[in-house]
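Visitor: This is the structure, below, for whatever I ask next.
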């Protein structure tokens, strides 16, 4: 038989088999657009704005639908009811971590953020317990944040009211807080090694939010066989991990098991007990990736939110004026802000909540995975299926937040000007995979922003109406555009 004919017949059979398999799977899964063989539904997704693509598809297929990202089915949950029903009402079944190829390759299933099963359960339980032991939720951690807020204010004073890019200054403060928790140390804001780390973290966020990385996560083979920005991601990730491995080595040499100093000490003393059969090198690798997760998440998410908050306050000076008026009335000029002040500052609290809602920092959270076969809303979702939860669809729900595309602290105020909670406020996600550092992040945002506005007036370099607050990238994170401003001492 003609070899070309054999090849054509073989490819045709593979094509039909692929169609049959996808059709068979789709009969069980929620509805969705018909996928093409091999490439799935990638042509129906705008990799520059995945959130809008998800919203458009939800209007056709409803709040629970199936997409094929490559050849793998992925269930998308859109809207508050679907997200809550899955992550809260069926929390155990949706507590797995879905495929995230770039991180799967970098972490090898270790650490806190991207591990699964018992590895994740043990690591999360240990991490939460240790963070509490180190003062999370207590006065001691507030003291650390207040001290760093004072350092931040002093660093901003050194700009002498001149135009500056706030990216790294605002990143140093939350980074120093998490460094003090992980390895009991902080850095000077001008330390070259420190700024190098900050630069690598900032670059990682941009790379992860780029269209190219969205494509790589859909077609993981590209990570191994194609050039691209993912190579720089792996290089930066390895640099940060190696920096932390050096800190771990220093801790091993100075460890006193009777007096644990920080997160690394607690892990070296207790953290490997449940994995006692694991080789020492694997346990140290797991520790390194765990603290890399804490270091990265504890720095970049808060610093990006702070940066976006400053940009929005420049854009809306009437909001800034109201916050500063409240700061003057409640705190004054002669003491540092503290967390007790928050309950007496409803407008400031509402402003910070509105920043987090409006910027939609991690629009689709991290991917989940169902840990067992489950019947969900009359659909069958098999074990191992990746699930994407659209936090953006919840934070921008027009029934809960009128004019959701408008920045308005009134979304979190009642008719009497009191702070109003909302179940739809889930920037840290919800359920069993909710961000472990939520409490610390909320404390940092309040204390850092109030300290800045207590001591400085924010002066933009252009008229507020000309300030663009549109994200420069929307992928894993919503990345704000670059900007400069002047911090004028008040």
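In case you wondered, yes, glycine gets a Cβ from its N, Cα and C as well.
Sharing the features that Swiss-Prot gives for it:
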- 435: heme binding site (BINDING)
- 127: phosphoserine (MOD_RES)
- 249: N6-acetyllysine (MOD_RES)
- 375: N6-acetyllysine (MOD_RES)
- 1-20: signal peptide (SIGNAL)
Visitor: Below 8 Å Cβ to Cβ and six or more residues apart, same chain only. Which residues does that give for residue 435 (heme binding site)?
Guide: 297, 301, 428, 429, 441
Visitor: In angstrom units, rounded to an integer, how far apart are the Cα atoms of residue 375 (N6-acetyllysine) and residue 249 (N6-acetyllysine)?
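Guide: On Cα coordinates alone, these residues lie 48 Å apart.
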Visitor: Specify the count of other C-beta atoms within 10 Å of the C-beta of residue 127 (phosphoserine).
Guide: 22
Visitor: To the nearest whole angstrom, state the Cα distance for the pair residue 249 (N6-acetyllysine) and the residue listed as 'phosphoserine'.
Guide: 20
Visitor: When DSSP is mapped onto helix/strand/coil, what comes out for residue 249 (N6-acetyllysine)?
Guide: helix
Visitor: Tell me, by DSSP, whether residue 127 (phosphoserine) is helix, strand or coil?
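Guide: DSSP assigns residue 127 (phosphoserine) to helix.
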